[in-house]
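Working notes, beginning with the structure itself.
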Amino acid sequence: MLLAGPPPTAAGDSRKSDIRLVSEHFSQSPQKLSFYSWYGSARLFHFRVPPDAVLLRWLLQVSRGSSPACANVEITVYFRYGAPPVINPLGTSFPANTSVQSPFFIKMLQSNASINISHPAPGDWFVAAHLPPSSQKIEMKGFAPTCAYIFQPDMLVVRAVEVFILEPDVPLPQTLLSHPSYLKIFIPEYTRELRLELQGCVSNGSLGCPVRLTVGSATLPRNFQKVLTCISPTWACHLFLPSPPGDRWLQVTAKSLAGPHVLVAFRAIAALTACRPWNLNSQHLLQSSPNQSCNASTGLLPPSPGCHGLGRSSRVGGGPFCLVSYPVIREDMDVVSVRFWPADRVSVLVRPATPSVMRLYLSTGMDSGGSLTISLQANKTAITNNTLVAVCLNAASPFLGFNTSLNCTTAFFQGHPLSLSAASRKADLIIPYPETDNWYLSLQLVCPESPEECEHASVLVETTLSLVPCLNDCGPYGQCLLLRRLSYLYAGCSCKAGWRGWSCTDNSTAQTVAQQRVATLLLTLSNLMFLAPIAVSVHRSFLVEASVYAYTMFFSTFYHACDQPGEAVLCILGYDTLQYCDFLGSGVSIWVTILCMARLKAAQKHVLFLLGTLIFAMSLQLDRRGAWNMMGPCLFAFVVMVTMWVYRCGRRRHCYPTSWQRWVFYLLPGISMAAVAVAIYTSMMTSDNYYYTHSIWHMLLAGSAAFLLPPREQHTKPWACSQKLTCHYQICKNHRKDLYTVT
């Protein structure tokens, strides 16, 4: 099915194109790939394959930047029909009772690749791609070298425009020479069996039937196409397909195996066996009566063969009832959130004669972006030790063969088996990203050891059926996020505190509650180091600087208290507000510290304080995590400081600051602490050591500010701010005119 080489000219002879085939090309805008950390890191593409497609080819292209950081990396591309692929690159565990199929994927080491699929299923197809798993290192935007990997898939479809309609019980003559013949047959809903047979097959006038029939369409990750090869003329060439997918066209391709110039003729016959469901609608509920002796369930089940009136009507149209169809109410709760329940009742009555079937409508186009959850519970006293409630959940068609097998396999799909017994009266099933289709829940009472016990038994099974965006809303250590690709919506879990997995249930690397509390205390209490620059600022009458440090200490403390996952969380304001204020305070603290060291005049200094704060507010609104949005203004302040120091050095003809004690005991320690803080912030932080390294960053930033603040003015006394707040008469000195006035 999958070929790596170039596709054939058409689906037939390579030397001569088939005029019955047309090609169509579909493309989508490229996306930038990301290193994988959770499902939102994968880039999803949604295509729709038209009907009667005989060949599908994916053209995969990857382009990368020209910077030296752009190395050859392995790109993983996933393919799936009907729903987004369920991927697990990190090897984490899924929640209990989750049914997951291994996705089909390829790994690209080059810039181009192609995948061919013969006879693809029409409908939704999804392609997902991502880079290798991301490292734990926290890189600051603008400092670390980056490379852009752009991925674009194109879809080339070869479609048949001449398709023969195969009607039930009507022979269809066909002649094969060099090109295959394309047929299709419509399968009504609730078809019990399909029989395909080739009759009167002749090859160049002699007996024999060198024909290969390919029935059904290819799907990924698993393919359930049926292939029938007819070679020997001694036995009938036929194919039985139980429970084929209903209410759709079934593709059949006939190809000659006799050679390019050998004529093969045959007749194709299709026979359908109908399955008449007993529909429990409101009319049956109103007409049912407790006095009916032929049905103990008051008309809620199909009549038994001994019931004369309904028994005769049950065979009108060819055959007895083969299943009991329970009407299901679908309630749309929200985006990718649906609830199902049986009409007029909560429980489903399960009998041994025929399966009880519920149809779940998941065909709106948006239902494949969540998780389908099934929860069944039987009555405690209804199930005996020898009875078993067999359950099958299938897509496209219901499973009806409980009497012969319990493998839940239909014509083209493998279902999900469940069971209820005396030892286990409850069963749960979770299907992430279910295929876009009609799903059928089939239940039947079976007695493997003593079938006679099931003749008059029945069991009530309570059902809880729903489609949710995220299972349990991703739990306490995750966040359910709604993702979008063009008009398609799907959900995924973003985990925290070391929890991983599809629903944040894998605790192999999770932090304990004690570790979470220690991390919160480290990140919050480390901000108390700002009390040192606050005290120094007040002591030296730098009131504006002291207020900025106090602002930074307050919002950094409560931002990190709100930023923690799990139980150790305290949010006094919105998370986004606290984060913005924390980033703003950190940048302005560096800004005012450097300008204060420049020793500008009071008016100039305060104008730059205000102007820098406004610039920081604007730049953080543009890009909060951009490195140069914060470092740019700080570098400008550093240039101003160096300029003023050089100016003073030239005017005084002496190095500034003039005291060697100032350099040794204040400037050099402060500069060293600031350099170490910048090195830790830009290159040493990882997800594992974030709580320690970021706490050290807090202490180094506050400590460097305390060391770098310049000494007070010579005419200013220590704690002079307290003298300015008095309410009695005092002597005020004018330093310009040396005059004294009484106020």
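The backbone N, Cα and C atoms fix where each Cβ goes, glycine too.
The shown structure was predicted, so the numbers you read here are calculated from the model rather than taken from an experiment.
Taken from TrEMBL, the feature disulfide bond applies to C470-C480, C495-C504. Taken from TrEMBL, the feature domain 'EGF-like' applies to 466-505. The transmembrane segment feature in TrEMBL is assigned to 628-647, 663-684, 690-709.
Sorted by the number of other CB atoms within 10 A, the disulfide-bonded residues C480, C504 start with C480, the lowest. Counting only same-chain residues 6+ beyond the ends of the domain 'EGF-like' (466-505), those with a CB under 8 A from a CB of the stretch are 28, 38-40, 44-46, 84, 86, 88, 90, 92-95, 98, 334-340, 362, 365-373, 430, 432-434, 511, 516, 564-567. Under DSSP, the residues of the domain 'EGF-like' (466-505) split into helix, strand and coil as follows: 4 helix, 20 strand, 16 coil.
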